[in-house]
Every structure is written in structure tokens, then in C-alpha cells.
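Data block below; observations after.
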Amino acid sequence: MQKTFKNEKILFAEPLFQCDGLAGFTRSELYENAIHRTLRINQLKKEHNWTQEDFDIAIRCLNYEVGFVIHLSMFIPAIERLATDDQKAKWLPLAESYRILGTYAQTELGHGTNLMALETTATFDPRTDEFVLRTPQLSSMKWWPGSLGKTATHAIVLAQLIIGNKNYGMNPFMVQLRSLEDHMPLPGIIVGDIGAKLGANSNDNGFLILNDVRIPRENMLARNSKVTKDGRYIQTSTNKANYATMVLVRLSIIRWAEDTIKNGSLIAIRYSAVRRQSSLQAGGPEMQVLDYQTQQYKIFPSLAASYALFFTYEAMMKEYEIAYAQIMRGNNQLLGQIHGQLSGLKAFASDLVTYELEMCRRSCGGHGYLKASVVGETLLHTLPLVTVEGDNTVMYLQCARYLLKQIAKALAGQDVDEPTSYLKKDILSYTCPVQKGEHCTNPNYLLKIYTQRAHSAIASVARQLQFDLESGKDQSSAFNNNLVSLVQAAKAHCQLCLMKNFVESVSALERTCSENLASVLRQLCLYFGLHGIVTASGEFLESEAIGLQQLEWIKAEELKSLAAIRPNAVALVDAFDLHDQTVMSALGRYDGNAYQHLFEAAKREPMNQTQVPPAYYKYLRDLIKGQPLAKL
């Protein structure tokens, strides 16, 4: 923690990283500022000998308000995972020294998550030993890649490999987009920015049209497959290994979701401790808003979700590192498991935080509508997460397909992956562990309830699919008729994952931390479990994981938990150790002077830099003086 704090002091001593003036920036100014910040943060890395971990922490401290993040998060990792050793030796030093700037061009105007339907083609020309890349129609242009619009000099382009008249599927190709001399697009390349978005406007998301762009055969990233000079396609590993980069990005999205919900929770809780409104007793002093049960019910779920996502990210990162090490050795055995898990968790995490951030914004009252509160801005920056790197509905369905394969194995008496080991248990032998009110205070009992609900949801949709198939429906119709249930099953599994990671992480901490700290975390974990059951009570009842009596006990305990969390709520968000310049909120400052900071933000508003607005001389003056209005 001390090391991180030292880096924060270095960072925020820089005027460039003071965020108070960003609200009045145009889009071009936001973009230029982000590029400037990136250059400066790299200088600081060299000046202070920061490790890559230090550098990553610094970017998070800046709330990702830096340029060419995709270069670091996707372009370089894609080279590391998809290139041969010779290709790495050629391109990694250039990328790591920023002599080339890259993006990852996968999504197209007409296709996003359906990768097999991508329309961009890379046709091998044996006469010149080159690939010819085309985006044959409007819908095939690359659309959305970050840094593509104005920054990237190179892109890893995902395209259908064509040799002769045969399609060999999606493969990655290194394509130079712009001249390294004057940054102008190269012949055959039309590239630009897709326009302003609801948020994240410092990033130049772009479009790319390829008109017969030729690249050397050696520019196909060939770790998993290659094309010989005479046009033979040789697959050295399963094409599924191409998903390794995409899986890493989905893991990164969980961290992004965690970071944003921590910001929103911190702002809402700190401001609720400062704000006083009304009184429960006539003539009594105004109460802190945080003392009202209704306010606690709005914002404590975001607090609990912050910790649940933190523990889940840490657990999934460990699983990913194990899987990645195996993938690099040519063993893709764990790829299906990690892909299935992270597809669902990416969707669940982004759905969770976008909902909770809106509740945080509402909990700040009218002031939450101000940009200076930053809660609304944080929400806008988070909204892309539900579609980026895969629309959430599709992500849930990818997770559901994985779960169907696992339950089929379980029913056949075969081994299943560890995250789905609960599917091997006898679902009919379940007895709800909550048999009296006090049992609701045991997180392990709640975990059993979550497990039964997930098991039941998966088994139920699997049975219905089997029934539809046996009734004569074709596979696609049977699947389409059960899509909603499949999504619900995936959500149940993902919610179980968060609860399991929370319970297991707190249990591990109990063996090493003080009893006071353990008690606070245990209470927050308990609340996360109780609240999850109440908010999805219909599904828990339908699965018979609980009965009506258990639901009544759980509801009562959920409300009691609010009062138990209240004394430590501010300390729990302070423990995030977020610098004021990271949060950037007038309402969420550590010093608690919310009203003073709101006023200071108002004084910085560009409209307040002159006392008399131009509109006065154009329109208002004549109106006020009663003179005839000039022709408008």
C-alpha cells in the first residue's frame, strides 16, 4: 500500500494529472489531453523505474483517462499470445517502445460477437506471396476498435482466410495502417473516427475500410496456424487458442467494472455521511442521510458488490494465469472452462455495476445530476461494458452452452470442471439449510442456497431442451425456444460464482486478519448473499432452494444487516484507498467538504468566466429594454 501511495504522490504532483478542468474540454481537447498524459506517464515510469505493475496501477489511478489503452491491453497481449517467436522478436520491441501504435480490429459494422460471420477477408496470392485484405461491403468495415480513429499505426485485423476457393476461418493479420513518416493512411486504407459517444470521448474509436490492401505472408500471426509459400494451410494448434486475447480482455472488463463500482459506492457513501436532511423526530436535528434505512438500501448493495467483484477478479486472474501457462505450452484443455466462466462473469459484472451505479447516482439526490458529482459520468463510461467485447445476452448464452456441456458430463457420470462440480450432486437430496431465523446469519448456508438455485436452473433448462428435441423440434428451434431460460441459468451460475468467491476469500482472511476486520467483512459478505436472494426471490422460490418461510427470515435479516454495516460503511469505502484525483468527484472528497467543492466546480464552469453572456448582446438586451427585436 505504501508503494502505491508513493506512486500516487508522484502522479498527482503533476499539473497534467489534475482533473478539475476536464469538464469544459471539447472532444478534440480530451483526446489530445489523453495522449499527452500517456506520454508523461511513460516518462514517469522511466524516471522512477516503475515496474509494469506500478505502471498499471498508475493508469487505474487516472481512471483510464489516458490514450491508446488498447495498445497496452489488446495489441501487445495479442502479439504475445498469437505470434511466433520470430514475429514477437520483430514486433514486440517496436510496440513496447511505442515506435508502432496498435489496435485490435475485430468488430465490424455488421457483426460483433458472431466471430464466425465476420466478412473481412484475407485472400492468399501465391504469385506475390502476399495476403490481399478486403472489406467487401459496407457492413464489413471494422467499426469500434479503440485508438483506430486517429492514433494507431498498425492493427491486428481479424479476417476470414481464403486460399483458392476455400475458407479456413478467422485468423489474425498484422496490417500497417498509417505511414510512420507522416501518419497518413497508406494506399487502399480508409480510416477515421466513428464520432462522439455517450462517454469515454477521450478515446478515438474508429472505422477501417480495406480496399485490396496487400501484406506479406509473414504478417499472418502464426503461432496457431500458418500458410506456406506454396499455399498450404497448416494448423499447429486449435483455432480456439485465438480466443486467448479475447478472454483476457473479458477478465479486464471485470476489473474495470470493479473500479467503477468502487468509485460510485465511495461517492454515494461519503456524500450520504455529509448530507443532512429532515428528521425522524419533530424539532430534532437533521439526520445524516446515511442513517436512513432507505438510503442504506439504495447504496449498500453497491458497497457489497465492490468487494464481491474484487475477490472474484482476484480468483479469476489466478485461474486465467494457470490456463494461459498451459495454452502457451500448446495445451488448450482449460480454455473452454475459462472462456465459459469469463463470458458469463463479464456479462454479470457489467450488468451489476451499471444498475448499481444508477442507484448511487439517485442516492445523491439532485446534486447527483451534476457532472461535478462524477457519478453520472462514471455510469456513462461504464455503459459500454454491456456490449463491448460481446453483447451481454450473447455472453450469457456462451456461458450457458458451457454449462449444458458440463451437466451432460455430470449426468453421464463423467468428470466435470471444478467451477461446476456442484452439478454432480443429487439435486433431489437437497434440504434448505436455513431451518430457523438465526441460520440466515451463516454465509455458508446462503452459499448452499445459491448452489441449489444454480443447479436447479441449469438442470431445468437442460431437461426442457431434451424434451423439445425428443418431441421432434430441430436443434436450432429447440435452442431458440429456451433462450430466456438459458440466460437465467447462466446468471444463476455467475451469481453463485460471486458469492462463492466472496465467502471463500473472507474465510481465508479470517485466518490471517484481526477478528474485528474479519467480523466487518463477514457481515458485508452476509449482506451480499441476503440481498441477492431477496432481489431474485422468485427464482430462488421456483427452484425450491428456499420456501416462503425462509424468504421471510432472509428479508428480516437483510434489513438487520443494514444497521450492522452502517457504522463501518465510510471506513469500508476509505479502504479502497482511492485518491481524490482518481475519483474526481466534488461530492466524494476525502475531506467531506462537498458543498465547498461543488461551489468551486461551479466557479470553474466556462459559462461563468464572463459575467455577461454573448446571448445578451444578440438577443436578451433588446428584449429587456423593450426595443423591437431584430430579425432572428
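A Cβ is built for glycine as well, from the same backbone N, Cα and C atoms used for every other residue.
Small disclaimer: the values here were computed from a predicted structure and weren't measured.
Feature list (source: TrEMBL):
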- Glu389: active site, proton acceptor (ACT_SITE)
- Thr107, Gly146: FAD binding site (BINDING)
- 8-100: domain 'Acyl-coenzyme A oxidase N-terminal' (DOMAIN)
- 243-404: domain 'Acyl-CoA oxidase C-alpha1' (DOMAIN)
- 442-625: domain 'Acyl-CoA oxidase C-terminal' (DOMAIN)
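Overlay of TrEMBL annotations on the structure.
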residue : record                       : contacts (Cβ under 8 Å, 6+ apart)
Thr107  : FAD binding site             : Lys142, Trp143, Trp144, Pro145
Gly146  : FAD binding site             : Phe68, Val69, Ile70, Thr103, Asn203, Asp204, Asn205, Gly206
Glu389  : active site, proton acceptor : Met246, Val249, Arg250, Ile253, Lys346
